[in-house]
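Quick notes on the structure that follows.
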Amino acid sequence: MHYPLSLALAFLPFGIQAQQTLWGQCGGQGYSGATSCVAGATCATVNEYYAQCTPAAGTSSATTLKTTTSSTTAAVTTTTTTQSPTGSASPTTTASASGNPFSGYQLYVNPYYSSEVASLAIPSLTGSLSSLQAAATAAAKVPSFVWLDTAAKVPTMGDYLADIQSQNAAGANPPIAGQFVVYDLPDRDCAALASNGEYSIADNGVEHYKSYIDSIREILVQYSDVHTLLVIEPDSLANLVTNLNVAKCANAESAYLECTNYALTQLNLPNVAMYLDAGHAGWLGWPANQQPAADLFASVYKNASSPAAVRGLATNVANYNAWTISSCPSYTQGNSVCDEQQYINAIAPLLQAQGFDAHFIVDTGRNGKQPTGQQAWGDWCNVINTGFGERPTTDTGDALVDAFVWVKPGGESDGTSDSSATRYDAHCGYSDALQPAPEAGTWFQAYFVQLLTNANPAF
């Protein structure tokens with residue numbers, strides 16, 4: 001999976017040696033290349049695996065990326081008449097009782113992503129790219145989910161919910177809702193390498209994860225008057241459907257189920273609506289995978305005592321599939337269920353038959369250009385010929401789908417193309433992956449430019 005940049009950048013001086021280009025790697029565990037940057041760039045430590053050359057002028061403060069545009073919000077379009085029943089706008093109403101939990105709210109604009117665009121992207125849009133500055137500014141204002149991909153990021157949830165609470169108290173109309181991704185399972189990303197997490201099952205990872213969830217719950221209880229939308233553990237359950245032949249996934253199965261159960265039961269709060277990640281059409285939409293996937297999702301839901309706050313499933317997270325497409329691209333390899341609408345309408349009845357009346361959200365953050373440049377449907381890393389997609393809205397035209405959302409912040413890398421890196425995944429070196437690419441979660445300027453250029457609708 002693919003996860004966002006660390007909370008802030010720490011700037012470290014290095015000795016005089018060969019210089020790395022802007023956005024290139026300049027440090028990290030196991031790295032042996034150039035450790036200084038060209039003029040106008042500064043080497044910024046992102047995490048233990050990666051340091052990146054970023055524009056010096058836009059990153060002089062280690063707190064810039066955390067604080068810029070923290071009060072910005074954007075409304076969610078709610079003009080459709082084909083939705084699930086619209087419920088009360090009260091942030092303390094249980095999601096399952098109030099219908100579509102997105103209706104009647106505007107979504108909080110991810111302040112960290114907004115400041116990445118302002119501090120990293122826009123200063124580099126010069127010369128022939130200067131015409132994209134207005135589009136970049138607009139993209140920064142589109143609400144996207146905040147990823148809680150390490151325990152260290154959990155306190156920022158409190159900062160953001162406090163800001164939302166303050167704006168709502170000041171009369172925000174419609175009231176603002178927060179959006180977060182819960183993403184820190186032990187032995188995370190078990191079928192890939194690019195987004196390995198901080199916890200290991202062998203090193204008390206399950207207990208560490210439960211503490212992580214406890215911290216999130218504490219914040220949600222503290223801000224019980226703020227309506228909060230959660231996506232739960234991208235890729236995790238989908239890996240248990242198709243990848244148990246991978247030793248790491250087989251070994252992680254019981255821990256994934258225990259941890260997911262803990263998350264669903266502990267975060268089952270009146271001000272919360274949760275969506276379990278459900279892969280995408282190119283993963284679980286295959287006819288042979290639909291019933292096993294439905295069986296697993298229904299089992300997880302029922303084993304958690306059918307939590308009222310679990311509204312349904314999230315699809316296409318960090319992926320590229322069309323919501324609907326008239327002709328299946330060649331890379332869908334003969335599967336007639338080749339878009340997210342078909343996938344959702346195929347799996348929903350299978351869930352309903354087992355007592356899980358699931359509704360859905362779809363990540364449209366990077367699916368604006370169709371077909372994409374994928375050579376194979378399973379190619380997921382920094383895929384070429386992609387663009388920003390439909391803006392967040394409840395106007396989906398399908399009663400099963402609560403909203404189109406931007407879960408993956410567009411412009412943050414899916415994984416490094418450096419084959420010598422500790423977390424290198426071969427998918428990031430494929431011919432349909434934009435290269436050279438930095439580590440997962442770090443800013444990838446060329447990819448952001450691609451998304452802007454191919455945005456549909458355009459900014």
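Every residue gets a Cβ built from N, Cα and C, even glycine.
Marked as active site by Swiss-Prot: ASP189. Per Swiss-Prot, active site, proton donor is recorded for ASP235, and the stated evidence type is sequence analysis. Residues or ranges marked as active site, nucleophile by Swiss-Prot on the basis of sequence analysis: ASP414. Residues annotated as disulfide bond in Swiss-Prot: CYS26-CYS43, CYS37-CYS53, CYS190-CYS249, CYS381-CYS428. What Swiss-Prot records for 19-54 is domain 'CBM1', and it gives sequence analysis as the kind of evidence. Per Swiss-Prot, the feature region 'Thr-rich linker' maps to 54-94. Among the features that Swiss-Prot reports, region 'Catalytic' is placed at 95-459. What Swiss-Prot records for 1-18 is signal peptide, and it gives sequence analysis as the kind of evidence.
Overlay of Swiss-Prot annotations on the structure.
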residue : record                    : DSSP class
CYS26   : disulfide bond            : strand
CYS37   : disulfide bond            : strand
CYS43   : disulfide bond            : strand
ASP189  : active site               : coil
ASP235  : active site, proton donor : coil
CYS249  : disulfide bond            : helix
CYS381  : disulfide bond            : coil
ASP414  : active site, nucleophile  : coil
CYS428  : disulfide bond            : helix
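Among the recorded positions CYS43, ASP189, ASP235, ASP414, the ones whose Cα sits within 10 Å of the Cα of CYS428 (disulfide bond) are ASP414.
A straight line from the CA of CYS43 (disulfide bond) to the CA of ASP414 (active site, nucleophile) spans 20 Å. Scoring each of the disulfide-bonded residues (CYS37, CYS190, CYS381, CYS428) by how many neighbouring Cβ atoms lie within 10 Å, the top position goes to CYS428. Residue pair the residue listed as 'active site, proton donor' / ASP414 (active site, nucleophile) shows a Cα separation of 14 Å. Taking the region 'Thr-rich linker' (54-94) as a whole, pLDDT averages 39 in the prediction.
Looking only at the recorded positions CYS26, ASP189, CYS381, the one with its C-alpha closest to ASP414 (active site, nucleophile) is CYS381. Among the disulfide-bonded residues listed (CYS190, CYS249, CYS381), CYS381 has its Cα nearest to the Cα of CYS26 (disulfide bond).
Of CYS37, CYS249, CYS381, all annotated as disulfide-bonded residues, the residue with the shortest Cα distance to ASP189 (active site) is CYS249. Counting only the Cα atoms, the space from CYS37 (disulfide bond) to CYS249 (disulfide bond) is about 39 angstrom. Between the C-alpha atoms of CYS249 (disulfide bond) and CYS381 (disulfide bond), the distance comes to 20 Å. Of all the Cβ atoms in the protein chains shown, 29 others lie within 10 Å of the Cβ of ASP414 (active site, nucleophile).
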